[in-house]
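First up is the structure itself, then whatever we jot down about it.
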Amino acid sequence: MRQKTRRVLLYVSLFLFPVTMNFLSPYVSIDGAFAGVLSGSAILFLLLFLSGLFFGRGWCGWVCPAGGLAELCQTLNPKPVNAKRLRVVRYSIFAVWFGVLMTGFILAGGVHGVDPLRLTERYVSVDEPVKYILYYLVLGSFFVLDLALGRRGACHSICWMSPFLSAGMAAGRLLHLPQLHVRAKAEQCIDCKKCNSKCPMSIDVNAAVKTGSVKSCDCILCGECVSVCPKAVLSYRNKG
Ligand code: SF4
Ligand code: SF4
Ligand code: SF4
């Protein structure tokens, strides 16, 4: 039931992507930065950082439209990925993008205003035919990477949002905030590795179980491992 609900939420989010695209856009936030304005997407990135403090990367497992696309692609290519190698690519892309964003705010002399609907005056991101080109370009890139690289390949390689979530997650742990995570009762584990085969983020859950919890910054709290474990080893916990 939990996994069905999660998938429905992700598919609804994917369906609404023509409406929400600008609020997740790295371009819109840069456009705002050079004008000294906090756009809708810049605000969302800040909110992602804040959500990371308490919910880790739950956004990725339950809300993000790209997560919905990844779930579909995973049925076509369920191959696990080399997350470590792809992380280098992702953070390199992020460093360039974030650098441009900060440069924009510095050149503009800081933040002078807030405009949540910047470049989205009609409340819908894809509000004219030409914007479908951008929409299909974004969707197509994620689709190709998910298919070519394997499970959530695009999330691992090009996502500009996950570093905000990961930073929030790390800060939450540092501050010992009550943060949602997956806990394990190691003594009950029979090493069947069903959790590994189900994990959409290619985490070695079986190895993490030995440490008492899943600490990986890649964990998106989807709960696939919790649902599949035949010995109820894994469960959600919310402790600092
Ligand atoms: S990693 Fe990025 S693209 Fe993937 S689900 Fe998370 S926020 Fe969305
Ligand atoms: S599915 Fe459960 S029992 Fe099997 S390896 Fe994973 S944690 Fe252990
Ligand atoms: S470790 Fe479990 S909760 Fe985390 S991403 Fe993998 S399957 Fe989902």
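Any Cβ shown, glycine's included, is placed from N, Cα and C.
Note that TrEMBL annotation is computational and uncurated.
Mean pLDDT of the predicted structure over the domain '4Fe-4S ferredoxin-type' (180-208): 96. According to TrEMBL, the domain '4Fe-4S ferredoxin-type' annotation covers 180-208 (among others).
Mapped onto DSSP helix, strand and coil, the domain '4Fe-4S ferredoxin-type' (210-239) counts 5 helix, 7 strand, 18 coil. The domain '4Fe-4S ferredoxin-type' annotation in TrEMBL covers 210-239 (among others).
Proximity of distant same-chain residues to the transmembrane segment (9-28), defined by a Cβ-Cβ separation under 8 Å and at least 6 residues beyond the stretch ends, is recorded for 39-42, 44, 62-69, 71, 97, 101, 118-120, 123-126, 134-135, 138-139, 160-161. Under the heading transmembrane segment, TrEMBL lists 9-28 (among others).
What TrEMBL lists as transmembrane segment is 34-55 (among others). Here the transmembrane segment (34-55) has Cβ contacts under 8 Å with residues 22-26, 28, 101, 104-105, 107-120, 161, 164-169, 171-172, 175, 177-180, 221 of the same chain, all six or more residues outside its ends.
For 88-112 (among others), the entry in TrEMBL reads transmembrane segment.
Annotation comment: TrEMBL describes 132-149 (among others) as transmembrane segment. Distant neighbours of the transmembrane segment (132-149): 17-18, 21, 66, 69-70, 73-74, 76-77, 79, 81, 86, 125-126, 156-158; these residues of the same chain sit at least 6 beyond its ends, with a Cβ under 8 Å from one of its Cβ atoms.
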